[in-house]
């Protein structure tokens, strides 16, 4: 509940706490203003010192524009006596206190609200955020194991081929050795059938006379 205010004064009220479990948050800035302003600007600030402007929205009687700063996904909307900031794709590092600031830009005098109590937005870590750093480890291990297995397979294949070539060469040498048995030339005839073909023929002429 916002009390009535003197003219050209702005009072802002915010919900004290928002728990974000699905990376999205809706922060409502309720305000009271009794002045004659026609152009306004509302902005959302992060941190106890409001040093980071998350996003802003500006409007007049005919036009509304909104912009989000780098590093945040934020969209502002104005509805009568409140400003709604929608944030999405939030992460745990964005857990902080957020403040709404309402400004009267035209006509003079320039007016803005005193600092409110703010809203603590607590962003819980999601299951996806927890598993992302671990998902790269199995892929790295799989790639390493695959490379080792491929190298081992190539080594085994090379050893097998080398062994097969040496065995084949040894078989050829052994076959040549077995075929080296001396034989008589085709023109030599064996006159004494009682002797082996390789035995010399005895000369009996020496014993005659």
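Heads up, the Cβ atoms here are built off N, Cα and C, so glycines get one too.
Remember, predicted model here, so these are calculated numbers, not experimental data.
As recorded in TrEMBL, the features of this protein are as follows:
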DOMAIN    15-115  domain 'Immunoglobulin V-set'
REGION    182-209  region 'Disordered'
TRANSMEM  139-164  transmembrane segment
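Residue counts for the domain 'Immunoglobulin V-set' (15-115) under DSSP, helix first, then strand, then coil, are 3 helix, 59 strand, 39 coil. Taking the domain 'Immunoglobulin V-set' (15-115) as a whole, pLDDT averages 94 in the prediction.
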